[in-house]
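Feature annotations, reproduced from Swiss-Prot:
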BINDING   Asp7, Asp141  Mg(2+) 1 binding site
ACT_SITE  Asp7  active site
BINDING   Glu68  Mg(2+) 2 binding site
ACT_SITE  Glu68  active site
ACT_SITE  Asp141  active site
Amino acid sequence: MIILGVDPGLTRCGVGVIEAGEHRRLSFIHVDVVRSSPDITQDLRLLAIYNGLSEKMDRFAPDAVSIERVFAQSNRNTVLGTAQAAGLAMLAAAQRNIPVALHTPTEAKLAITGNGQAQKIQVERMVTRILNLTKMPTPADAADALALAICHALRPAGALQGGEREQHLTAAQRQWAEAAQNSTRRRINHDRGM
């Protein structure tokens, strides 16, 4: 199962892609940050985030998208941009018929470190260790996106409409979706040299 994690943000939106194999074996595929410039208008910033997220979903064809659940913060401008970016991630996934799960930061910390109150550096170190990376992913948005993907692999209970989507697909749509997933997996394995 390929899982794309999203740490939503208007200036920096973290994207992490992993593969969850048998026996909870997790493999790193990709990490990046989709950026928008604070010097352009809000609508164009949102478009940049949406286009970046759409490109990642088309490129990696995930089986699930795991997004950080947004909570109200003291800074309304920050929470508004974060909520808008989360909505764009949900929209991009829905347009591709990819199930979405929302996970709180506490859930992700608990899944990764065993401690829901873990510090950011502890989460980053565990993400690095779990995925056998040679160095910690940077910036923090990238590490958080990988943490959300790992969280979903280990604790998929946050899924929204998980099984319903398959029921609404025709047989031809299911075959097409399966073929697209297999093609993407072959390309990813080829890129990895497997």
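Residue 1 is the first one shown; counting continues down the chain.
Cβ coordinates are placed from backbone N, Cα and C, and glycine is handled just like the others.
The two recorded residues, Asp7 (Mg(2+) 1 binding site) and Glu68 (Mg(2+) 2 binding site), show a Cα separation of 6 Å. Cβ-based crowding with a 10 Å cutoff singles out Asp7 as the top-ranked of the binding-site residues Asp7, Glu68, Asp141.
When the Cα atoms are compared, Asp141 (Mg(2+) 1 binding site) and Glu68 (Mg(2+) 2 binding site) turn out to be 11 Å apart.
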